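*Asks:* Dropping the structure in here first, questions after.
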Ligand code: GDP
């Protein structure tokens, strides 16, 4: 029997922008003086039956022409982008639709941007709740009022301020490629992002938000929401939890089929598929019926998608948040499910001996999200795994560091760094980048790479000798001193010279070391092509080793040449290259290495 299930809805947005307040408000719908009861608490989710939506919405439902056939809406209780990334299903997101909440007074913040990136990556449709409109100066509050009714009561000034703030928000969306508009001005919901101004605290605009979610789901997601009710259940693990008296349990959102209390399930573990038989299906007891906190759950015989349920079963200790749950009714189905789950894990949890970064995350989904982002930036990954950052991770990064310093790092999303891992990382200089915003973790890493590269370049620059070719002036008048040290006037023909550089003759013979460079009365740290300067050369005697008019070359080592050509290439200009070629020609007589340069 086919039926349309409840769409699964996630709430995302920056910290303090009102995600929890909105969810709480939705949960308290029936306390709002309306008749509509029936909000049901699931495990990890809250269900708003369609009758409740209809009663709250009243005449607003006319916004949607066709009849709403959805049984209701299922809101995921844990808001935020971290939780969202663990809601994997079928390679995409478990959430059918999302609400992106933005504090209208604060606008875009880092986690707003991160949320949008994640929604975009998962191709999850969303609508925007522009929250805290009650904070606008002089705003008149009426609990649970539809926005379109509430706005009519506001004075001109407040309306104007709201419009300005909305325009700012619309502008921000435009900058990142979204056409957005206030929901009642949207012409085509497939092209424009709808913004509903709300006050989560007072419920203003929440009626429209619910109607819009129901209507959009009905209109655009009907095919996806049509499920075979009797079919075997499929779901995603939200959380793996230890429960007193129950052992390790998994909190699961079922998005397809029906789960029976005596089903066999296959779930994803760290590196394996776990096959286990359900011991109990549990739902939370209504709050007013919890007399003893040890008995917070009721057993049920079955759950029909979409629903949140706690599953108690043996062998769940190694189950992985974010991995699939597939109910099976035959050996054949079990085998198929095992294969499917293993393939999914293998595509995310990777372990290689490649030179690359170490990636850790709290769930399979967030690991996948972080890894994908790194791959898009062509940052190679050696290992990607779920869990806190351990000593082993740091040791592995250290071994990479020896080969490729810039990849010898650990990146972690929403994970802790174990104490011993932290210690060894500090001692061995292995950088760890952790956080709960994917793009920030990567930005921090990239900034570090850039700084390291610059540091390395500076070090290289400091120890690399640059090529230079000079000529002593032919006139004897420019021999200022013949020896100890010899001081002569020279012109730099190509490249550059610096104090400390050793000079050689055309035949490769060493002349001595430049002690100082002087122009008029100033000592210089460098003289470049075209400059005429006086140099003091330690170890040379004019008339014996060098003669007026002679051409001299800076002596380079093979290492200098390799660094110049390979790593400092962009620091060389045309004349440096000419000088390098001239020096190579001189040195090639003795060493074939230079001929090949
Ligand atoms: P979260 O971090 O996104 O879950 O944000 P919260 O729901 O915890 O809200 C953060 C703060 O903003 C709390 O002090 C809320 O009371 C307040 N807040 C949330 N929504 C509104 C609203 O619509 N109006 C006002 N005035 N305050 C709000």
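Using N, Cα and C of the backbone, Cβ positions are placed for all residues, glycine too.
TrEMBL annotations: computationally assigned, not manually curated.
Note that this is a predicted model, so its numbers are computed, not measured.
So TrEMBL lists the following for this protein:
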DOMAIN    4-224  domain 'Tr-type G'
BINDING   13-20, 77-81, 131-134  GTP binding site
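Are these features on the surface or tucked inside, and what are their neighbours?
*Replies:* Here the domain 'Tr-type G' (4-224) returns a mean pLDDT of 90 for the predicted model.
Under the three-state DSSP scheme, residue 13 (GTP binding site) falls in the strand class. Residue environment of residue 13 (GTP binding site) contains 27 other Cβ atoms, counted within 10 Å of its Cβ in all protein chains.
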*Asks:* Can you go through the binding-site residues 78, 81, 133 and pick out those with a C-beta less than 6 angstroms from ligand 1?
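*Replies:* From 78, 81, 133, counting a Cβ under 6 Å from ligand 1 as near, there are none.
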*Asks:* Around the C-beta of residue 19 (GTP binding site), how many further C-beta atoms are within 10 angstroms, looking at every protein chain?
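*Replies:* Residue 19 (GTP binding site): 26 neighbouring Cβ atoms within 10 Å.
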*Asks:* When DSSP is mapped onto helix/strand/coil, what comes out for residue 81 (GTP binding site)?
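*Replies:* The three-state answer is helix.
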*Asks:* Please report the number of other Cβ atoms within 10 Å of the Cβ of residue 16 (GTP binding site).
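*Replies:* For residue 16 (GTP binding site), the 10 Å Cβ neighbour count is 13.
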*Asks:* Among the binding-site residues 78, 81, 133, point out the residue whose Cβ has the most other Cβ atoms within 10 Å, with all shown protein chains included in the count.
*Replies:* 133
